[in-house]
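Marked as substrate binding site by TrEMBL: ASP132, HIS172, ASP180, LYS376, HIS381, THR423, ASN462, ALA463, ARG494. The annotation active site, proton donor is assigned in TrEMBL to GLU264. Per TrEMBL, active site, proton acceptor is recorded for GLU461.
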Amino acid sequence: MALTLRSPTSFISKALKPSHKPTTSDEPTSLISFVSLQKPSFTASSSCRLKAVQVRASSNDLSPVPAERLHPESKVVRAAHSCSTRVPVYVMLPLDTIFKGNDGKGAVNRARALNASMMALRSAGVEGIMADVWWGLVERDGPMKYDWEGYAELVRMAERNGLKMQMVMSFHQCGGNVGDSCSIPLPPWVLEEMSRDPDIVYTDRSGRRNPEYISLGCDDLPVLRGRTPIQVYSDYMRSFRDRFSDYLGNVIVEIQVGMGPCGELRYPSYPESNGTWKFPGIGEFQCYDKYMKASLQASAIASGHSEWGKGGPHDAGQYNQFPEDTGFFKREGTWNTDYGHFFLSWYSEKLLQHGDRILTAADSIFSSTGAKLSAKVAGIHWHYRTRSHAAELTAGYYNTRNRDGYIPIAKMLAKRGVVMNFTCMEMKDEQQPGHAGCAPELLVEQVKKAASSAGVELAGENALERYDEAAYAKVLETSRSETGMGLSAFTYLRMNKRLFEEANWRQFVSFVKAMGEGGRKSTLPRCDSSQSDLYVGFVNKEEWKPEPEAAAAL
């Protein structure tokens, strides 16, 4: 099929035209959007027409190797979603969107460029944007001294452009993980407390301290200048609510509550900083600060096995090992013994309790604002095909061949109506390295079933930057809701210069359009009688040749 579009100017420049004032009903007027599981190739003629020729995908695709993991089928319960099949798309803003200006106050970074980008996003049909609200920037000057000015400017800009906002309460540091392009540490006064008491941060078996996030072991202890971490997070969220009360529920429609490294509900078991961990290592348990060790000892005594409380598993290996290299995670390893069940239950339950504490506070603060709450769960897909699911276990997800670890998380979120946000929606099993035992598609399917069983909404993100049609097609496939297990929203990672490159932008716009149609493939009529200036016809693959200008550009 060939598509021809008359357009004297670039669709990017038209989307960014300053005289255009976006409204909530804006539709992209100069863009042709299409989505197909068949791969399109593009050429441009001398008359500035755009042609797309469909080429059938290869029939030689490898089928994924069956995973060695069996769970009882979860009972599927349709979550309380809207009857609409539309899946709104949000776009993550750059990590450094807000910075400390020359006057010492927060400000919007590259404001003019950001405003133009917002105009383009709105013209493409994007629902809104996601922004990290960094604890390290807002409360940097001292306890309960909040600087919201940069974020206030950002919210006003989004409102002017007709965009909704997802705001992330980012209680973690920026830097040291996949995709981190800048460094934003925790507030200086918090770092001072860490230097006084290093045990308030997560610690591994070798004694390495991780300053990304406060250890959940001291959630209820007044280790931050007389306040507990939960109190500090609560005060922060309460101040945010009061400052942005006029925008909550209308412009700011979602509050994503950070609960760990990268804002995810997990332990920092695979830190990339300083080369500590590299994909696809199994990671390490993070339970060796004195507060976590005291909790483990108390649980072991309560279970009647005080010897189990002397520390984490001694045979769990190191960050970059594989499951079969260890006594704990190997096929018939310690993970599947009474001790293994005890330790993994304690470790994962501590994480669930941490999430429940923060979400309880967030619910009490935002319940009457009209904004949704959401929480992010990591897509740890490597070593999924093994029996132990080692990488998930070290992160705190007690998910093995014999146990579903995502249903307890979904149920915890469902108690307070919190949306479950999950990553790696764009990944295919066949695209992953064979030696890593990856199965992102199987993992997403398991999480979708867990969310549906618990009656919680499921939203998604892509884990890595992708601009290709294959990745978009996979997200579209996952988003479909005919079975009651679709996505309530999708957040695209991330807005940058590459997104606005012509070919990438074209793919993205057609993806947004298809998501707005419920993930359905658009079928264009053979004859167009709506005066849209779109010609649709068929081109024989053998007869078609790119025009000279297009051929030169290939």
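All positions are counted from 1 along the displayed chain.
Note: Cβ is positioned from N, Cα and C throughout, glycine not excepted.
Just so it is clear, the model here is predicted, and its values are computed rather than measured.
Here the features listed in TrEMBL are painted onto the structure.
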residue	record	Cβ within 10 Å
ASP132	substrate binding site	24
GLU264	active site, proton donor	24
HIS381	substrate binding site	26
GLU461	active site, proton acceptor	23
ASN462	substrate binding site	22
ARG494	substrate binding site	18
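Taking the Cα atom of each, ARG494 (substrate binding site) and GLU264 (active site, proton donor) are about 17 angstrom apart. Cα of GLU264 (active site, proton donor) to Cα of the residue listed as 'active site, proton acceptor': a span of 12 Å. Note: the CA-CA distance between the residue listed as 'active site, proton acceptor' and ASP132 (substrate binding site) rounds to 15 Å.
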